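Taken from TrEMBL, the feature Mn(2+) binding site applies to H35, H84, D171, H175. TrEMBL lists 10-91 with the feature domain 'Manganese/iron superoxide dismutase N-terminal'. TrEMBL lists 103-204 with the feature domain 'Manganese/iron superoxide dismutase C-terminal'.
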Amino acid sequence: MSTFKPELKKYELPPLPYNYDALEPYISKDIMDLHYNVHHKGYVNGANAAIDKIEKIFKGEVKDHDWAGVVRNFVFNSNGARLHNVFWQNLGSPGSKGGGKPGGKLGDLIDKQFGGFDKFKQIYTDVMRSLTGSGWTIMYYEKDLGRLVFTTVENHFINHIVDLPIVILLDQWEHAYYLQYKTNRNAYIDAWWNVVNWDDAEKRLQKHL
């Protein structure tokens with residue numbers, strides 16, 4: 001009689017696609033260092049610790065467990081790890097890969113849906129500012145409607161939110177801005193527009209058209 005011993009793949013911390021100071025002056029080197037090496041790494045380690053516990057439960061090595069708590073812990077940390085993977089790719093050096101306006105299919109879709117980039121920027125900024133507490137603001141492509149959709153996510157407990165067809169997103173947890181902007185989250189939101197990597201956003205959209 002064989003014993004079920006699942007081999008669950010673990011999460012890894014991918015390298016940043018740029019130097020820590022690449023997003024200055026809009027996102028400081030100190031924030032990037034802390035954000036990546038402490039918070040993102042912490043989510044990766046937390047997700048892997050949750051996987052280890054799940055493996056032990058499957059193998060019968062842990063008898064007393066709370067499945068709701070185990071799953072909640074895994075979802076929180078795995079979402080944190082995966083959302084940051086997208087977030088780093090979604091940013092670029094100001095004046096180089098970051099900032100400006102989108103072109104291509106994304107630019108066309110924004111013009112069609114919002115009547116131009118300036119109106120889109122105003123609406124998405126308002127959505128980002130409406131988030132209560134810590135979390136993320138996400139723009140994804142709703143294929144059934146052929147439209148861009150905005151959503152805010154408090155914390156990141158929603159299972160598989162990263163599997164949405166995300167185009168752009170902003171981390172609005174305090175660790176993403178507090179060292180530089182203190183309590184002025186709106187200033188951080190305004191600064192973020194200068195480092196959005198529209199080429200990355202275009203590639204993400206193209207995958208789902």
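Heads up, the Cβ atoms here are built off N, Cα and C, so glycines get one too.
Note: TrEMBL annotation is automatic and uncurated.
Applying DSSP to the domain 'Manganese/iron superoxide dismutase N-terminal' (10-91) sorts its residues as follows: 53 helix, 1 strand, 28 coil. Of all Cβ atoms in the protein chains displayed, 26 besides its own lie within 10 Å of the Cβ of D171 (Mn(2+) binding site). Per DSSP, the domain 'Manganese/iron superoxide dismutase C-terminal' (103-204) is made up of 49 helix, 24 strand, 29 coil. Counting every protein chain shown, the number of other Cβ atoms lying within 10 Å of the Cβ of H175 (Mn(2+) binding site) is 15. A Cβ within 8 Å of the Cβ centre of H35, H84, D171, H175, the residues given for Mn(2+), is found for these other residues of the same chain: Y36, H39, H40, F87, W173, A176.
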